[in-house]
Each structure stands twice: as structure tokens, then as C-alpha cells.
Amino acid sequence: MEDRQNDQNDDVFSFFSPSFSAATPSTLFNRSAYSSSSSSGDDESQPSVDDSNKRIDYMIQFLDRRLSEDGNHDGIGDGNGSDSLPEFVGKCGESGIFKVPIRSAVHPNRPPSLDVRPHPLRETQIGRFLRTMTSTERQLWTGGEDGALRVWEFSELYGSGRGLEVEDTAPYKESLGNEFGSAAVVCMIGDEGSRVVWSGHRDGRIRCWRLRGDHGIEEALSWQAHRGPVLSIAISAYGDIWSGSEGGALKVWPWDGALGKSLSLKMEERHMAALAVERSYIDPRNMVSANGFANTLTSDVTFLVSDHTRARVWSASPLTFAIWDARTRDLIKVFNIDGQLENRPENSVYPDFGSEEEGKMKVTASKKEKAQSSLGFFQRSRNAIMGAADAVRRAATKGGFCDDSRKTEAIVISVDGMIWTGSSNGILMRWDGNGNCLQEFAYESSGILCMFTFCSRLWVGYSNGTVQVWDLEGKLLGGWVAHSGPVIKMAIGAGYLFTLANHGGIRGWNVTSPGPLDNVLRAELAGKEFLYSRIENLKILAGTWNVGEGRASTDSLVSWLGCAATGVEIVVVGLQEVEMGAGVLAMSAAKETVGLEGSPLGQWWLDMIGKTLDEGSSFVRVGSRQLAGLLICVWVRHDLKPHVGDVDAAAVPCGFGRAIGNKGAVGVRLRMYDRVLCFVNCHFAAHLEAVNRRNADFDHVYRTMTFSRQSSSLNAGVAGASFGVTMPRGGNALGVNTIEARPELSEADMVIFLGDFNYRLDDITYDETRDFISQRCFDWLREKDQLHTEMEAGNVFQGMREAIIRFPPTYKFERHQAGLAGYDSGEKKRIPAWCDRILYRDNKKHLGAECSLDCPVVSSISQYDACMEVTDSDHKPVRCVFSVKIARVDESVRRQEYGNIINSNKKIKVLLGELSKVPETIVSTNNIILQNQDSTILRITNKSEKNIAFFKIICEGQSKIEEDGQAHDHRARGSFGFPQWLEVSPGTGTIKPNQIAEVSVHLEDFPTVEEFVDGVAQNSWCEDTRDKEVILVLVVHGRFSTETRKHRIRVRHCPRGGPAKNHFNDGTKTSGQINALHRSDYHQLSNTLDVVEQLKNLHSP
């Protein structure tokens, strides 16, 4: 983990990185349909003139740097210019936690990424962070805290953002947010059948969205679904929408009811339709309340996933799971995270079936019983009370409180019908479709926040920003740090796995990664660095002063900072001993325990320094932190503020018991031009002989300083609170790869330490020191400096740099006594010393390194001195001016270059051609006729010799067959769901090479249709008895490819007792085409009716 980076290379570390080149070859999505060059508009198909001019500017700058290199390697300094001061460099900075973090144009320890939305500054996202994401065939959709939706067309992924919300983001369309009272988007799901996206919101509403070309995003339908927030949403194999909320609330919105009809209405007609949809839901809990399960279904429904393999729906809370039949909405099983069945009431009349039987059982009542089981007010109240009592009972049984580290945080279903759940302790669990836990895996102790499956792979996103890739057998294929923050959502499209980070950044990763494509793409992209990188130049003024509990005059502040701030872009000020005393220290410790910071005296200092810097006109304060007598603050120029953000603060006490703030450090971290800069103000142990304690103080600060958002009134409004994701550390589990995390300071591109380090002069007397000072023989004095001695030995400030000191020692003076005669002349006659220092570390691995994406932050020192004329304290203030070069990436140009490589590179084209193959498959029939609860076997043969085929069966729509035998009134179904009278099992699956898969196509007798109002069945009527026809589509994928082979199978439903028409509506001869395999060819399994009869017999006399 020693190469963790910030977001350009983005806080990347080599968590788990097998050789990409040695990975198994895989199939990539066909991107030709999505490349930016396929767009019809000229603005979309060609890079803009501005982008071309940028490339020219970057190339010229690159050539200028190369031409000037020859003259920059002389002298003691680091080669950043003739005005740079020579520097002293500490030892032992080449390894361990003091090693410079790895940076490069394309990081070597992770696959190249497509930055769809580069990491935005947190301060620009307050109240509008992206929180969820889904994809359709041609778009990537996201939802935010403000209720707004953003949509990226896959055809524009490589395009320029042209000054949108985030400058370097890919082009996108956006809906309106809070302007129209919309609440935060909590969950989303794409519906390919209806070509819409459904979203659940914090205000309890479900909304339906369409993309209308140039008109942007249109809200097609909206209704109040729940009283509380819509926490989860799923679409079943039958096209019904399932939604979950707080307190176990679960509702089903049938596609065959008002929902499906409403989408075909005109906009002005949809208001009344929304009212009908709102009342058309089914509450599946009402249908099972009598059997004893409902009392366990009281936890928030945080997850809903549709099992298309078995036509089921899984609902989940953090600790329990429930499995439902997607067609009948009957409850099948309830169990907890240990796989144990939830207890039913002791007086339950129902038997306790074994785990195998549980997989087949469907606890239900007959349709007649359902209609009669409408619950009145008292019955529902009784159930609520019983549910609460049962929850208390179960909590008491389990010890009252659950282990938060075991909570379920993500759940997905893979194409082979296996269910995968991830918990907050990093444990990944594999379940079969009947709810039996098969295996547990753990390779990472950080919490799992999201997962995604497609064909043969499973992707897992963690709270530490890591993404792992697994196969469906549980084998770990690779992993890397995808973002600098938690990965909260995933989606797939256009050949990429898209990951959404908690900070709002979106990246696309090749679905074959780790794979052979990565090395080619990495080399090509790195070779074009000069086209998309540029150098920014700025100056930083850092000042430190131990103020000795005093207050400075305006003249002193102007002398120290006012003049030096001219021409600098960033000012960092660290103060020590702002206030001391036992009472102050005790109060500070008490405040820290409750999250309070700052003091009136600290605020006075900030205001006075702000006035000196002309705060408000020239500078703006971006961050500060106070711990007892330690205070640090950072100001930046107004014109630089748009490029500065993600400001965090930290404090580390080093006083008594590492708990009191009389000694310690405070720090501020910020991100500028996508690089991380840290500023740390320290006050270490005093006294001449306490060298080891000072070294230990530094080591403690360096290793333990952890930054967090600021809450202090000293920085009000700078970094407000927002919807966040915690990053649980989780205990180690068996098999977890445990690698010691690098300190946060180790990951910064530049760290500046300033403060009263308290290092003194050794082996010299007071009088000798005064003589050397009067003669300005600082070279002799530096040989006695404890800090340089310890740095030379590699004991402290390892690998850090300091300009050669050419000013008198800054401690200790008599207050208000000018000149060098002011040194302590009292009884103690403390030996003068350079206690007040400023040191730094940038990205340079060696002296003379040039600024580039491999070494993105390079600094030198142009001024390092003390203000000897200031007499307000027993210490003199010290200041240092840094000349900093920062290499930054133009993500818009880089994204275009990425697209050019993908679409034109010959090696990549050859790889794609070899890898993007779909196995050849054949089906046993193209036409099926069903009647009288018929069942037919559809056989699918994989003719490939070596490649696995992945299939899914969908329904394109349903038609009515008229007397002439022709299909009419074709209607699409939501999410390509099956009609209620048809059961297809399995709906998804895998077929090994040269193997055959059998799919059961079964006619379910469904003579009546019920109308539900407010969750209760109200009316029923006979179903239309005319013949029906559906078009089933068998969609076959290769291992990774969305390029597909499709087979269409016509399935005709004839009413019971009616004649079977032997002609189809395609106008072709059908004799010899119909190949309906009858029930004798099908092994009949027990069904719902069998279980119902068994249950009814239990009550028979």
C-alpha cells in the first residue's frame, strides 16, 4: 500500500495487483456503437477548436521544459531555478512510510481508467452529491441529494464537457432538482422494456424518467409510494415494480394494472393516472400475516433484487432476508444473516419444513382465501403490536444489540442464479437461490458497500476505495484502489464497469481488467502525456511563530506577513502558545471530546492576520484548526479558490498521556489542481536534553494524524456537512489480506511542517553561541544543531528538506527588546537556538527531478528568514516562501485521447476482435403452443468448443390473436417481463462448451384478474379468453460482451378447451416449424397448488 495516490492517479495503492498481462484473455464489449466518432453532430464527432489549441499549448510547454533541462542540474539546490536556496535533506526518506508516493501519467498498479466525472471539489457539491447510479443500454444515469438526475450518453463518453458543472466532465444532461420540490434520489433502476428509468426518493415518491433527445430528461410519471423514503426498488421477472421503505414496508406495483397503462397516456392525462397507480399497489405482507412470518418483517427494506433465474424477489434488511415468489407475490422463506430460519410463533399450526423443502415451499393461501383475508384496522393493529413484541423478543435473544460489522451492505444475483451478499466487515457470502449459505470469502477488512455482476465476473466496491474482481466460483482475480473515497455504486455499459465514489467522481474500468488490454492502453496513454498535461506555477508563504500567550501589534504582523504575501497565492500560518495554563488545557481537552474547536483568542488571531492579508478582497480563508495553544490557518487568493477544495483538518495531542494539547500538532489538508497539499503546525517537547522525546513526538504526529471535515466556527461555511458514507475499519476475518495502512501524510503530494520544534544546540555554551551569532558564523552553529544531527541520522523528519539557515537563532529573547542584545540574559541564560523551523517534502525522489505527471509537485525555496525586528514574544517569527510547480491533467483532452486510442489503435483492435466473440448457440424450437397448464422444454445448445455461453430469456411483448389467426394489439411489457400466465425457468443461466441447457416453459392457469386498492384485493373478473402470443427472446452473451446472439421463440397461449391454431402471424408456412414438446418430456416439480393442498389438509377433520 505504499503507492497510494490522490485523485489524479488517484490515491492509488497496490492493494492486490496480479500481473495484468498474465490474466486470462477475455471478451470486451463492442464499443463501435458508442464511440464519440459515431455521433451525427460535428460538435460531437470532432475535438473542439479549444481542445486543439490546448493540445498545441501543452506541447509547446512540454518542449520548453525539455529544452531548459540541461541548465537545471547544477548547484546544491534542486534545480528549480537560479534563485532557489540550497537545502539540507534528511536521510532515510527512500523507504517505508516516508517514501514518496508513486505518481505517473497512468498508474502502473491499476488498469487505465476513463474519468467520466473527475473528482469534484467537495465544497461545490454540498447538498447535491451523487448518491446512486444505474445504466441502460445506451446511457449512464445518476441521482443526487438534490433530487436531480444526470445522464451520460455512451456515445459521448469521450467528449468534452464544454464548461458544464464540473469543467472536465464528459457531456451530460441534467434534470431540475429542488426547484420543483423534488427530494433526494435514494435508489434507481433502468427499465429497457419501457425505455425509462425508475427512481425512488427520500420523500416517498417513485418517479419515472424518459430521455427526450434534445429536450433532455422528462418526468413521465410520479406518485406517492410510501410515507417514508423509498429505500429500494426492483423490477421482477414479470415486469412488476417492487419498492421497500422503513419499518418493513414493501409494496408491489403490478405492470398489468394501472402502472402499465399509465405510460401509454398523454402527458395531460397522466395526473389522474398517477392517482390510480398510487392506489394500485399490493402489500405482500398482508397476504402472509396469518401464517406467522409477518411479525419478522418489520426491519427497513434496504435492498430488493430480482432473481430472474427462478422468478423470485429477495428483500433484505441489514440482518434478515426474505424470498418472495415474483408471480404470486407469496412469501417463500425468511432467514437471518447466519442462514437460520426466523422463528414463528409457538402456537403456529404450520409445520417446520426442512431447508430443502423450504426451497420448494411457498407459504400461501388460495386465491379465494386471499380475497377474504382483507385486514381490518384492529387486525393490522394487532399485527403491528405482535411485530414489535417479536422484535423485542428476538433482540433480547440475541443480546440486545447486533454486531454492526456483520450488517449486509450490498446484495446482487449472478447469472448462474447465485446470490452474493457483502457485509460491513468485508465478508462476502455466496447463497443458493433457496437461501442456503454456500461459502464465505474475505480478502479485505474494509466494509463492502456495493457489488455488481455481469456474465462471468463479480465486482466488489469497498469503503476504502478498493475495487476487487471475482469469478463466480469465488476466486479473486485482482484488485486496485479505484477512488480516493468509498465506492458506493456500480453499473455496466459500453464495455466499462462504472464506479461512483462517495465524493461524486465516476470512473469507467474496462470489463476485462485485469487483462491483456490494460498494458497496451497504459503504454499508449502514457506516451501521450504531453498532449493532456500542463504545469501550474504558484508561490506559498508559510509562517510560524510561538507567540508566548501574547498579542501582536499590527506593525509586527505586517512586518512578518504583509510584505512577504505580495505575489504569493497561498498563505499558511502556524502559531504556538496562543493560550496556555492548566485551565485552558483542561477546557480544550473537554471541547475536543465533544467535537468543539477554537477559542475567542484564537479567533482574534485569525481576524488580525486576515486583516493583514486583506482577507475578503485579496485572500479568502479556506481552513483552520486549533488545539489548545496550537493554531493553523490557510488563506488562498480569490482567483485560485475555484481550484482549491476538499479542505480537512486534524489535531494530534502529544502532551501528558498523548491527550493534552500543550504539545502536539494541528494540520490542514487541501486539494489543489487535483493534488493533495498538507500543512502541519507542531510544538514538540521542550528542554535541551529531550531530543528523543521530540523525535517521538514527530513520529507520533506523522503516523497518527487523521484528517476530517471541519466543524469549527473558525471555518464556518467552508466545508459544510453533507450526506456521507462511513468508512468502517472492521475486524480481521479469516483469510483477509492485512497490509499496514500508510499514514495519511504519506499520501500527500506535498507536506509542509512548521512550528516550534524545540530542537536546541548541543556541545556549546551560551557565550560561545553569542559570539558566533555576533560574527554571523551560522555555518559553525549549524554543526551543533540537534535537528540537523537527528535528520542526518535518519531519526526524524526522514527525507524532508529545509533551506540552509542564514538567520540568527530565534529563541530565546527578552520581550520588547530590539536587536541581538535581546537574547535571554537572565539567570537561566538559555542557549539561543533555532527552535522555530519550516521543512517540507514534495514528489521529488532525487535532487534535480523535473515536474511532470511522474513527479507532479516540485518545490524550491526562494526565501527563508526570521523577522528579528519583531519583539512581541520570546520567539521570533519565521517565514518561508516556496516556489511550487504542479503538473495537472486536462481530463477533457485526456478522455478524448483515450477514445482515440480505443477506436484507432491497431493492437487494441486486434485484441478486441479476438476477444469479442459470442458462442454460437441453437434452440430446439422457435414456436411453442401451450394450453391446459402445458409444460414444454426448450433446449439451448452451446456449439462452442471452449467458450461458456451466458443466456437470459426476456419477453418482447404480448399480442392478442384474432379469429384470422393474426397477432394484433402488440404491447411491450415493463423490463421485458413475462405475462402472469407464463412461467419460464430458469430465466438466466450458463451453458458450458458443447453442453445443453433445458428451460421449462410452463402455462400457469390464471383464470381471474384481481384489482388491488391500497394493498387489498377489491374486484376480480375473468381474464380475456382470446388467444395470446408472446415473443420470447433468448439473449446470449460471451464472457464479457454485450454483443449478443438472439433467438426469438413464439409462445402462444390457447384458452382451456379451445382449438389450438397451428398458424402464426409471420405469413410463412408453419407445418414442420412447430416443435412443441409435451408434458411427457418434462419432469414435473411440485408447485404452489401442491403446497396449498397440503396446508389445507392440515385443517381437515
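Glycine is treated like the rest: Cβ placed from N, Cα and C.
The annotation region 'Disordered' is assigned in Swiss-Prot to 31-54.
Per Swiss-Prot, compositional bias 'Low complexity' is recorded for 31-40.
For 121-162, the entry in Swiss-Prot reads repeat 'WD 1'. Under DSSP, the residues of the repeat 'WD 1' (121-162) split into helix, strand and coil as follows: 6 helix, 17 strand, 19 coil.
On the 0 to 100 pLDDT scale, the model's mean across the repeat 'WD 2' (180-219) is 89. Annotation source Swiss-Prot lists repeat 'WD 2' at 180-219.
Among the features that Swiss-Prot reports, repeat 'WD 3' is placed at 225-263. Packing against the repeat 'WD 3' (225-263) from elsewhere in the chain are residues 183, 186-189, 191, 193-194, 196, 198-206, 208, 270, 273-274, 276-278, 280-285, 297-308, 311, 313, 315, 317, 326-327, 329, 387, 971, 973-980, 984, 987, 1009, 1011-1012, 1015: each is 6 or more residues past its ends and has a CB under 8 Å from a CB in it.
Secondary structure of the repeat 'WD 4' (403-432), assigned with DSSP and counted as helix (H, G, I), strand (E, B) and coil, comes to 3 helix, 15 strand, 12 coil. Swiss-Prot lists 403-432 with the feature repeat 'WD 4'.
For 433-481, the entry in Swiss-Prot reads repeat 'WD 5'. According to DSSP, the repeat 'WD 5' (433-481) comprises 0 helix, 30 strand, 19 coil.
Per Swiss-Prot, repeat 'WD 6' is recorded for 483-519.
The region 'Catalytic 1' feature in Swiss-Prot is assigned to 749-765.
The feature region 'Catalytic 2' is assigned by Swiss-Prot to 828-843. When Cβ-Cβ distances below 8 Å are used as the criterion, the region 'Catalytic 2' (828-843) is approached by residues 90, 93, 100-101, 103, 542, 544-546, 688, 749-761, 764-766, 769-770, 773, 785, 787, 797, 799-802, 805, 808-812, 849, 855-859, 861, 864, 866, 875-880, 882, 884 of the same chain, each at least six residues removed from its ends.
Per Swiss-Prot, ubiquitin cross-link is recorded for K907, and the stated evidence type is similarity to another entry. Shown in sequence order, V520 are the residues of the chain, 6+ apart in sequence, with a C-beta less than 8 angstroms from the C-beta of K907 (ubiquitin cross-link).
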For the repeat 'WD 2' (180-219), the distant same-chain contacts (Cβ-Cβ under 8 Å, at least six residues beyond its ends) come to 131-137, 139, 141-149, 151, 173-174, 225-235, 239, 241, 243, 245, 253, 263, 723, 954, 972-977
Summed over the repeat 'WD 6' (483-519), the DSSP helix, strand and coil counts are 4 helix, 18 strand, 15 coil
